Amino acid sequence: MAISKAWISLLLALAVVLSAPAARAEEAAAAEEGGDAAAEAVLTLDADGFDEAVAKHPFMVVEFYAPWCGHCKKLAPEYEKAAQELSKHDPPIVLAKVDANDEKNKPLATKYEIQGFPTLKIFRNQGKNIQEYKGPREAEGIVEYLKKQVGPASKEIKSPEDATNLIDDKKIYIVGIFSELSGTEYTNFIEVAEKLRSDYDFGHTLHANHLPRGDAAVERPLVRLFKPFDELVVDSKDFDVTALEKFIDASSTPKVVTFDKNPDNHPYLLKFFQSSAAKAMLFLNFSTGPFESFKSVYYGAAEEFKDKEIKFLIGDIEASQGAFQYFGLREDQVPLIIIQDGESKKFLKAHVEPDQIVSWLKEYFDGKLSPFRKSEPIPEVNDEPVKVVVADNVHDFVFKSGKNVLVEFYAPWCGHCKKLAPILDEAATTLKSDKDVVIAKMDATANDVPSEFDVQGYPTLYFVTPSGKMVPYESGRTADEIVDFIKKNKETAGQAKEKAESAPAEPLKDEL
């Protein structure tokens, strides 16, 4: 199962913060102070004129932001500088922004699946093609990245000099080698380049010998992917669009992804955590003696199990605080290895030794391991208006209590959650005499969220009745609106019993 965007942002943000020098911190603070300055080149949009603005421009970048967001404030001056520079481009490249925290603009945030701030999206062809912006966040980098994005998706390589200028030995570069720039193979290659241009750089050529390590006798057509890790070059002759996308995806991630302070590794980390495949993660201290012996064994294990549906990561504890928080790990368990499978079940081996890694992985593949669950301790005292639930008691509390439960999944750092907290307290106090109703909350950063709940952002609220009916709460955020919703939708004990009795009985099953 892929990790939510909000958590991926936290995982990588912590690594970036840890790697940034003090001077960067001072610059960021200065930027935050000036972040509210009026922008001139950035186009300000709202729900009323958004569609019209998108329809006017064949290419436009839109930042969805919140005024209280620190990262948005840091981006603001860089985004404005980039907008000023890009306004001189021929044709001009338009940068815009939308306050997604404004009530009137929230439908836009929902429509475009905005789950964190700031989120930047590229609108192409009057909004017919929408892609995530995956480039730098400083002015010079934004300008360079967007100039590439408005050009052709794939650039023709006509000479060795072109190849030298385009193919960076520190980045992934994908080249289509053809006998002629036409036909199904070429068309499919350009289609994939257009679709994936936000993620990769593409080129095409009629002359394989122009390329690094080129071979004039190469059998064409061919796709050659250059990368700064593992085997450095990998080829494919399958030009089916889906097959080509899978080839690029599989080939563009290291056999073992490294989670450290090096920002060059962050694109691979992003792909790793976004993948729906099972993930094996070894965390240890990179600066201690045993690191090399662990690394050798772990890379060997990744090679041994390369045909399994699993990806591998090795992480330095100094850069992995976000991962430890997400998975519920502790530094006193290091060295440790943890697996998250495609269904989000986790399996943990703390204090692992190098010679235990392969055998433990085999036990996982053989289905012999018991899952690990992240949970805070069950509260000994739980007498506040809003009750605290944790992973170890959420099923009993929410699904087996015989009550109507409004449960909030929150993050301690979430601004919206902080605003909602006193409102939920007020609603719970109003309803305290109703023995059929409970309002509860779970820290979703410190507990595994049950699979029954789809939590993609914070706060997320669900209303669960005694009969098991479960609906997302998407009504108003005032205490009166919450109370009104609960009163209209709650079940009495008698109603719940009637629904349970009228439900069709499940057929008996032979467990053998």
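The backbone N, Cα and C atoms fix where each Cβ goes, glycine too.
On a predicted model such as this, the values are computed, not experimentally measured, just so you know.
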Review point. Per Swiss-Prot, which of 72-92, 114-134, 492-512 is region 'Disordered'?
Key: 492-512
Study note, to complete from the structure: Across C72, C414, C417, listed as active-site residues, the smallest other-CB tally within 10 A is for C414
Exercise for review: Output, ordered by sequence, the same-chain residues six or more apart from R477 (site 'Lowers pKa of C-terminal Cys of second active site') with a CB under 8 Å from its CB, or 'none'.
Suggested key: K419, L420, I423
Check your understanding: Going by C-alpha positions, which of the recorded positions (C72, N285, G415) is nearest R137 (site 'Lowers pKa of C-terminal Cys of first active site')?
Key -> C72
Point to revise | recorded positions clustered about G415 (site 'Contributes to redox potential value') [Cα within 10 Å; pool: C69, G70, H71, C72, N285] | key: C69
